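Swiss-Prot has this to say about the protein:
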- Cys51-Cys63: disulfide bond (DISULFID)
- Cys56-Cys68: disulfide bond (DISULFID)
- Cys62-Cys75: disulfide bond (DISULFID)
- 1-21: signal peptide (SIGNAL)
Amino acid sequence: MKTSMFLTLTGLVLLFVVCYASESEEKEFPKELLSSIFAADSDFKVEERGCLGDKCDYNNGCCSGYVCPRTWKWCVLAGPWRR
């Protein structure tokens, strides 16, 4: 009787530990996935913001695809809607 109670209790403790470890791994996976997505997103933003919003003057031009308008002192996207 004592042996069966000991084995039952040991089995329940082992089951609890395995379930806890499994949930812990499942919780880490979304965190790792989100951190890798945001890391890639921040790398993209660094490349995109290379010229957009940089201060400019008429002597120092902007990158290709950007213009330095007369009204503002920073580089903006060139487009057909701009005069």
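Backbone N, Cα and C define each Cβ position, glycine as well.
Structure with Swiss-Prot features highlighted.
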| residue | record | DSSP class |
| --- | --- | --- |
| Cys56 | disulfide bond | coil |
| Cys62 | disulfide bond | coil |
| Cys68 | disulfide bond | coil |
| Cys75 | disulfide bond | coil |
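Most Cβ neighbours within 10 Å, among the disulfide-bonded residues Cys63, Cys68: Cys68 holds that distinction in the structure as shown. Using a 10 Å Cβ-Cβ cutoff, Cys62 (disulfide bond) registers 19 neighbours. Counting only the Cα atoms, the space from Cys75 (disulfide bond) to Cys68 (disulfide bond) is about 5 angstrom. Cys63 (disulfide bond) sits 10 Å from Cys56 (disulfide bond), taking the C-alpha atoms as the reference points. Of the recorded residues, Cys68 (disulfide bond) and Cys62 (disulfide bond) place their C-alpha atoms 7 Å from one another. Recorded residues Cys56 (disulfide bond) and Cys62 (disulfide bond) have their alpha carbons 7 Å apart, per Cα-Cα distance.
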